[in-house]
Structure formats: C-alpha cells, structure tokens
Amino acid sequence: MDIIGQFTSLFSNFGNLTWQMLVMWIVGGLLIYLAIAKKMEPSLLLPMGFGAILVNLPLSGAITQGDTEGPLSVLFQAGMSNELFPLLLFIGIGAMIDFGPLLEKPWLMLFGAAAQFGIFFTVCLAGLFFDLNDAVSIGIIGAADGPTAIFVANTLGSQYLGAIMVAAYSYMALVPIVQPPVIRAITTKKERRIRMSYQKGSVTRTTRILFPIVVTVVAGLVAPASVALVGFLMFGNLLRECGVLNSLSETAQNALANLITILLGMTVASQMTADKFVRPDTILILALGLFAFVFDTAGGVLFAKVLNLFLPEGKKINPMIGAAGISAFPMSGRVVNQMGLAEDNQNFLLMYSISVNVSGQIASVIAGGLLLTLMGA
C-alpha cells in the first residue's frame, strides 16, 4: 500500500493545475513558435516563451513559493527591480549603432521626435482604463523599444510588466506587417514615389566622439530621469566611436548583449504567471499598445506631409521616411526602403530611413525619460 501511495503521490500535483495555467502554456508555445518558425525576435521571444511555461507549472520551483526562493524570482530582484538588465542591454545597443548618417543630416532628428506622438496620445487614452502609472507604462509600448518599455514600467511599479514586454517586443517583430498598411492608408502613390537624392557627407571623428557626450548632457538637463537610459546608450556608442576600445565595443555588441537578452527574457517571464496574465486587462493592454504603435507610425508620416506643404518642388520629402522614426532598429528603416523600391525600383531611401530610425532610438529613450520626469519618478 505504501508503494501505491507513493506512486499516486507523484501525480498529486496535477490537482493544482488550472485552466489559466494551460492558457499560459499555449501563450508560451506561441512565443516559441513565432521565434523559431517565423524568426520574430527569436533572441527574446524564445526565452520568454520557455520561461512562461516554466513559471506556470503548478508549484513551480522556478519562482518563489512561500519561503522557498526560485531562481527566476531571484534574478528578477537582482536585475530587473533595479533596472540593471535593461540598462546593460542599452550599452550593447549603443555599441551597435552608427550615428554617422544621422550626423550628416541632423535635421532628420525631427522625424524621430514626431514619431513619438502616439506614446503621449495613448497615455491619455489608457488613463481612462488604468491608473496613471500603468497608463504611462502602456503608452511607451508605442516606441517599439523593449528595453525602454521595461525600464519605464518597472520604475513606475506597473503590475502589468509581463504583458507590456510581450506587447513591446511582439510589435517590434511585427513591424513588416503593421507599418506598410498604415503608411499606404495615409499617403498617395505619388507621395510614395518621391525620390530623395543622397549626397554622402563626412563626419569627423571628433564629432562622433562628442555626439554621445553632448546628447547625454542635454537630455540630462531637459529630462533628468532619462540620464540612466540615455547615458548607458550613449556610453555604448562612445565605446564604438572612441577607437581605442575595440575589444570592449565588440564584447558589448555580442557577448554582453546576447547574455543580457537571455536573462531579460527569462526574468520577465517570471512575471507572466497565470494569475497576473490571464485577465481582460491583458487584452486591453495589447490593443492599446497596437494603437500607440500605429499612431507613432502615422505621426512621423503626417509630420513629413506637413513639411512638404512648405517645401518647393524638387525638395519634397518622401513621407514614408517619417514612419521609420520609431525605435525598431533597423527593421523599420528597411521596411520603408523596401516600400520605396516597390513603388519605384530606382527610389533608394535606405540612408534616409535608417538615419530617421536611429534618431527614433534616441527620441524613444528621451521620451521615456521625459515621462518619468513628468511623473516625478
């Protein structure tokens, strides 16, 4: 009888399984499928998907249960509660970005700023359904900047961190699907066929070195809460541009970024437990995040259309480049270039769209810091 009792006790945990946990298994499986089969942000969606299954096993030892500490919960406290992981990832991102094309044509920074419109509009809309801290955290999804979304949501203590991160990185991966119909809806064929000649300029090494320092100082004076976000991003870029720390730059771009990405995905998954995730609020957050993303795209395009009202013929801007002002680098820039070539196989917009995309990376970080400053965080 003891043997039978011990054998049946092995299956006793099945009684703790809930339908909400099964839903999260499906969510985790879907994220893994998208990562592997569709190659959508695999470096993040794969660990997030596996982690979602891990933490939704009954009495999972991966997360803290009672007095027993789980490794994912410990990692969350060590690297997420203090925003360490997102900031370290920003060093890697900064080391990957070449600001040279943007420095050749600094006026393109205006499009990066204009493409943040959806964030602030969505904050107002989300405020109808959520408290202000959560509304701000949801609005930042529109930047399509995962690390910034995590940093803002975590700093403001949002209870929806898991849903916000899933939305932010999912929409980053869905740029080629979401952006083209939005762009086509608000532009004419004639506008999409506007050609923009590109003359390569030169940027001195001194300018490249001073740029990250100046941006950090200016952003810190305007929005003090952005200093950590902007500072770590620009420090990574300084490693790239200084010319004397090539090994550190390569480490930041590869080893550091890859390691932190894995830890980031797994630790955020610790917040994707069924009791926090399977509820109507999650669907609303995903919808509001998509709304913010669409309006960010539209904001950049409409800004370009307004500028064209004042520009002479021959100096017109292809409004599609405004859509690249979100932070999804370099996907958005490539999408805009491909759309330009689809309309006219001699219409090369890549240098402009990538430059705007880079400016969007800076603008989204500053927008996140500005929101934190306004919230008094």
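For all residues, glycine too, the Cβ spot is worked out from N, Cα and C.
Noted in TrEMBL for the protein shown:
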type	residues	note
TRANSMEM	17-37	transmembrane segment
TRANSMEM	44-64	transmembrane segment
TRANSMEM	84-103	transmembrane segment
TRANSMEM	110-130	transmembrane segment
TRANSMEM	160-187	transmembrane segment
TRANSMEM	208-235	transmembrane segment
TRANSMEM	255-272	transmembrane segment
TRANSMEM	284-311	transmembrane segment
TRANSMEM	317-336	transmembrane segment
TRANSMEM	348-375	transmembrane segment
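A Cβ distance under 8 Å defines the sequence-distant neighbours of the transmembrane segment (84-103), meaning residues of its chain 6+ beyond its ends; these are 78, 109, 147-148, 150-151, 154, 203, 207-208, 211-212, 228-229, 232-240, 249, 252-253, 256-257, 260-261, 263-264, 267, 329, 351, 354-355, 358-359, 361, 365. Panel annotation: around the transmembrane segment (255-272), residues 24, 27-28, 43-52, 54-56, 62-63, 70, 72-73, 75-76, 79-80, 85-86, 88-89, 91-93, 95-96, 147, 150, 161-162, 165-166 of the same chain, lying at least six beyond its termini, place a Cβ under 8 Å from a Cβ of the stretch.
With pairs at least 6 apart in sequence, the transmembrane segment (110-130) and the transmembrane segment (348-375) have 3 or more Cβ pairs within the 8 Å limit; the two touch. For the transmembrane segment (317-336), the residues of the chain that approach it from at least six positions outside its boundaries are 97, 108, 111-116, 142-145, 148, 171-172, 175-176, 179-180, 182-183, 186-187, 191-192, 194-196, 293, 296-297, 299-305, 307-308, 311, 347, 349-350, 352-354, 356-361, 363-365, judged by C-beta separation under 8 angstroms. When each of 110-130, 160-187, 284-311 is scored by its Cβ pairs under 8 Å to the transmembrane segment (44-64), the top-ranked stretch turns out to be 160-187.
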